[in-house]
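Heads up, the thing below is written out as structure tokens.
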């Protein structure tokens, strides 16, 4: 059975400012760096062997800090990037017009092929993160990879493994530097394929990120 750990990046400046990030970027806050260090300590105890990270700056930095603690090599995979939020990226959530908020709601509420102008749909996101996850099955026997990605991307992945629609990720609270675990099992009795063992564990952290206190 293959165990895969999923980690959301540490808190960023735009998380604290409640700005839409998507595939745009902002640096980790001091809190975010500390969160990543705490994940690193946990990753070392979990026996992580590989770190596979989104190639965006906030995930790269989170992965680098984790790697320093557990001594793993890092590879980058653009398929683990956050949902492309198109023209709304860099905007403060509270500044959206009624029309812009309508675009966002269509996307997260499951409207068929809903997307923000210039962005991607939840189905497109689901397809690419599942392709990235499938690549883990090609790792050597005994591997225990840790994937560093983003809130919507990881929520979409966990939701769809559970058999829920991609937009159900809004019902999952995956805080900054939370750890989830999924397993790949082959069984004639239990469900074969990917199963969710845990989601959104923050027992290794001190406190939630600023943007999540307001949800």
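Using N, Cα and C of the backbone, Cβ positions are placed for all residues, glycine too.
For 8-15, 21-22, 58, 60, 82-85, 104-105, 151-152, the entry in Swiss-Prot reads substrate binding site, with the evidence type sequence analysis. Sequence annotations record features per position, and here Swiss-Prot assigns active site, tele-phosphohistidine intermediate to 9 based on sequence analysis. As annotated by Swiss-Prot, active site, proton donor/acceptor applies to 82. Here Swiss-Prot flags 150 as site 'Transition state stabilizer', drawing on sequence analysis.
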May I ask you to report the DSSP-based helix, strand or coil state of residue 150 (site 'Transition state stabilizer')?
coil
Cα-Cα, whole number of Å: residue 150 (site 'Transition state stabilizer') versus residue 11 (substrate binding site)?
11
Would you mind reading off the Cα separation of residue 22 (substrate binding site) from residue 9 (active site, tele-phosphohistidine intermediate), to the nearest angstrom?
13
Is it possible to get the count of other C-beta atoms within 10 angstroms of the C-beta of residue 82 (substrate binding site)?
25
How many other Cβ atoms are found within 10 Å of the Cβ atom of residue 11 (substrate binding site), counting all protein chains shown?
28
Collapsed DSSP category at residue 14 (substrate binding site):
helix
Please compare the recorded positions 8, 9, 150 by how many other CB atoms fall within 10 Å of each one's CB, and tell me which has the fewest.
150
